[in-house]
């Protein structure tokens, strides 16, 4: 993923001159090592200038660290763009957490392909994903402390004597999931990207295979290319053509085939074959490509496709269910194209930031008021937020979380009829939230001044594809932050709230999902999912109705279903990367028993319970007791002597509306609880395991990991929060569903000594005047967004 403003240097770390092997910067000799009066050691390099001075100062305050080669740290200067955003010039190499660039992906793919043992094996390689192999947390801390501005040596612990700081960071590595179309094998490759320079600058590419491993008994995620091949295979299959003719359809161009993954319902779905069980739909008009084809589901046809060989292996026209008649309300395109009229009284909504936004961008590093963090992106998760911290006055930079992302979502349907009972999509593990993201270049749910980031992926055949403007970052007004009026004097103080929002949107077949992380001035972090798109519908026989759904139109109904999301939060509340000082307590409001402590029968209190181990930490929401959870630092206290912490505050939530024996719960046992807490382990990333597609193993992932019952009383811990909504469709959800909101909040709980928002300045009258300027004047300034 490359920042949009830096497209000239297409690879984030490859616009620099040629470097030494291993990714280091050109060597500059160390001229002297000088000991300070306090016994600390400071390195001074020839020709380094301001950067060298800053690093020397950092080393002097780092508890006696020796820097072997300060030249690895390059000066970084700020420059203001024409539109007011502060863009920092790039450091001379990638930060260890920067997503893989297009050039790095190309090198990794070429390296793996070249390692094939035969031409046949190389030709059969299909590339499911290529992602950054994220380094150890200590490597990230070292990079932030000494190699990338703003330099933060306090991230590393103070040591007695002197610690040697390496002259360069370890080479970046890529992790590739490769499917062999000939052998039906899935393998994982680790490639070291020792030298990757931009080809446009005459550089060269080199990668090195570190390891390769065949993973037995799995099927990796499906790819868009496979979906297209599946559709072509089904539409060219003669018995299917005849079945559609029985339903009055002769034109195969009207037919839509959505290649859903098979899931796992019996041994017939075993991963020894790569299977697709498509759903069929049919548009009405051949000359209307924007017509909503999901308005006419085709039922009664059973088809299974061998995705490895692109052949139909099972087909049966089981029941002739008439196609629903064309619904005149089926389309959602503008006015005339859907036979309607759009509103005519909607005026432009203008967001004006004449001085530019308040955030600053340095590659993927974001600074906004007192917040700072890094942006990442993966094919499976989509947006990833790294190294979240808050700069708290004299206490300096205070970490909150190492890594935040959405790692899985599951959509089980509640209709027991064919084909709806098998609609149990794992949209991250089976498809990839990131790979299904789309460009926000021509429109966005954001208004105001927007900073976009691109995303790079490998496609199935190993080519590199770019989604431009995939991630959106912008500020939003959020109403009142706080207010008080003194009734005696009539004087009032009020502050407006704003938040920084980072988001992306993906489309998985018929549904759209927007994923958002909001950062607030009062220290809160809100995770939000916005659901929209088109319902997955079913056809009805004449006069038929179903109790497992809502009739939307004649012959058309929407089954009941649920949407579940899993947020993985690698927490680090007041912890440096090498510290493991967090624990989790559950808080419940309790009503005091009648008696001497509750003579007025009104008393209640908050009761805390330490979650001591992983099995104890399998918890569910309970709104009747205002249940929430606090991640606390066991070694750091606030001014009252209490541990500092961050609270996980649930929003609306639910649990699966299915019997324990439901087949989808074999793969989604993590849905049985709203909260899980585990000890951090680098390879425990996805709650249902890395390969949920056709997974025959019961309760792989979280339900298995927690059986170790590892202690949580003081450790490096990960929160897994499972949240969902039950969707009982309405007529108002058709033809396109208005956005539903769901999420949760991380909020400071004793983390600060008072409100961190008390220092937000009042809105200036000058700003108020600027906001009332004429739309025409603002348009001339070029800083508008409008609906």
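Cβ atoms here come from the backbone N, Cα and C positions, even for glycine.
Positions annotated as active site, proton acceptor by TrEMBL: 427. Same-chain residues at least 6 positions away in sequence with a Cβ under 8 Å from that of residue 427 (active site, proton acceptor) are, in sequence order, 408, 409, 410, 411, 433, 436, 508, 513.
Around the Cβ of residue 511 (active site, schiff-base intermediate with substrate), 19 further Cβ atoms fall within 10 Å across all displayed protein chains. Feature annotation from TrEMBL assigns active site, schiff-base intermediate with substrate to 511.
Sequence annotations record features per position, and here TrEMBL assigns domain 'Copper amine oxidase N3-terminal' to 220-323. Counted with DSSP, the domain 'Copper amine oxidase N3-terminal' (220-323) comes out as 30 helix, 26 strand, 48 coil.
Residues annotated as domain 'Copper amine oxidase catalytic' in TrEMBL: 351-757.
Look at TrEMBL and you will find 511 tagged as 2',4',5'-topaquinone.
The region 'Disordered' annotation in TrEMBL covers 762-787.
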